[in-house]
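Positions annotated as signal peptide by TrEMBL: 1-30. The feature domain 'CUB' is assigned by TrEMBL to 74-152. Among the features that TrEMBL reports, domain 'EGF-like' is placed at 150-188. What TrEMBL records for CYS154-CYS164, CYS178-CYS187 is disulfide bond.
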Amino acid sequence: MDFDRGTMPGRFRTYLITCVIFYLLACTEGSYTKTCDQKCIFGKCINGTCVCDQGWVGDQCQHCQGRFNPNAVLRLRFNHFATECSWDHMYVFDGDSIYAPLVAVYSGLVVPEAKGNETIPEVATTSGYAMLHFFSDAAYNLTGFNIFYSINSCPNNCSGHGRCTTSNSISVSVYCECERYWKGEACDIPYCSEDCGSPDRGYCDLTGEKLCVCNDSWQGPDCSLKVPSADPYWFLPNVKPDGQSLGRASHKAVVHGKLMWVIGGFTFNYSSFQMVINYNVGSSTWDVVPINSGPLQRYGHSLALYKEEIYMFGGKLDAGPGNVTDELWVFNTNVRSWSLRTPSPVLHTQHFAVEGHSAHIVDNRYGEAIMVVLFGNSPIYSYLRHIQEYNIRTNSWSVAEANGAFVQGGYGHSSVFDSSSHSIYVHGGYKAFPANKYGLVDHLYRYQVHTRTW
């Protein structure tokens, strides 16, 4: 089709101009676009830089990270966990390395598959990171583990008895606002179980201490026991303020007056660990006792109260050399200070460094106060069946020559002193059996202090 120079249609001129402009734009954009030196694995290359997809970071978008904000609460829920007990371990750190605070260790069958969701444990980290390290000797396989994680969620979704709320605090960014009759971190503890049997047995007081107020003929935390009643029962004190006592294990406690003194123990995080705390049974309050100097942190030790002083013997030093010690420290509850008792070199005889033992301060046949140390595990002599005695007046140690029944040494037992018979009753523990076997026992021993007889 021919067109004269002056007769070209307007539509064709518009089309031609549009093509020229598009070509110029394409050429111009291509001339300024830079390529990336490396492949963007989970992202796109824009002007020579990898722009990562959501959840990925790195110069090649190769690292799965970036969903977590600083100081966010990362909650891990162990939906299933089944590994070889004592040989396979899962360590959870609140941070991005093994030097971060250790918050949990799991081994064995933690969550039975037949149980419901209420048995599933949760672990929370607040740094915005969580490092999980799994160790296995690869000798025996079970079904392994299944872990679900969520960000800035509340524990156990507030158990269906509260609302998850954002906090202004940096340490904990979310918390549960519990409904009227519930309390606890996950709103899983009822203030008044079974409504206190209202109206026949009692009523729930929500204005004061928030607990059951029983009628005259009923007692117990839920007003379910008649008065009088010989049935023992447990109850959960309404502690104020909540959360002052750091979780610990293998610690020891003694009661003096209205104070329960808790000393030592094993914990995952010694940076914020307090060696000495006490609990006031009258006011239901915890108090952290500041100590400027004293013994290293330990667990598996023994405590015995004598007048205004608490005697702490032995134990395993976890923060430091990591050895089992034979140190004897004395804590004065009045001045709240420690002193180390070094035995008199003139009267000193051999005594053993042990852990997992028990001790009681009693009067011997001569009326002198002695500390009786029973059993324990020695790093040199293994399980001890000996009775060690420390004389408070002479500051000296001795090993009692006991007679009577043959007893088998061990550790981790319980013992109690009966003043009416001057006897110490010992129950249970972990002991050695023939053929290099070990296990828990239900043995019950009685040790008569004055006659040193089993």
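We count from 1, first residue shown onward.
For all residues, glycine too, the Cβ spot is worked out from N, Cα and C.
Given the structure is predicted, the values throughout are model-derived calculations rather than measurements.
Sequence features annotated in TrEMBL and their locations in the structure.
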residue: CYS154; record: disulfide bond; Cβ neighbours (10 Å): 23
residue: CYS164; record: disulfide bond; Cβ neighbours (10 Å): 15
residue: CYS178; record: disulfide bond; Cβ neighbours (10 Å): 21
residue: CYS187; record: disulfide bond; Cβ neighbours (10 Å): 24
Surrounding residues of the domain 'EGF-like' (150-188) on its own chain - C-beta under 8 Å, 6+ positions past either end: 67-68, 71-75, 77, 122, 124, 126, 204, 206, 210
Nearest-integer angstrom distance between the alpha carbons (Cα) of CYS178 (disulfide bond) and CYS164 (disulfide bond): 9
DSSP residue counts for the domain 'EGF-like' (150-188), split into helix, strand and coil: 6 helix, 14 strand, 19 coil
Rounded inter-Cα distance in Å - CYS164 (disulfide bond), CYS187 (disulfide bond): 10
Pairwise Cα distance for CYS187 (disulfide bond)/CYS154 (disulfide bond) [Å, integer]: 10
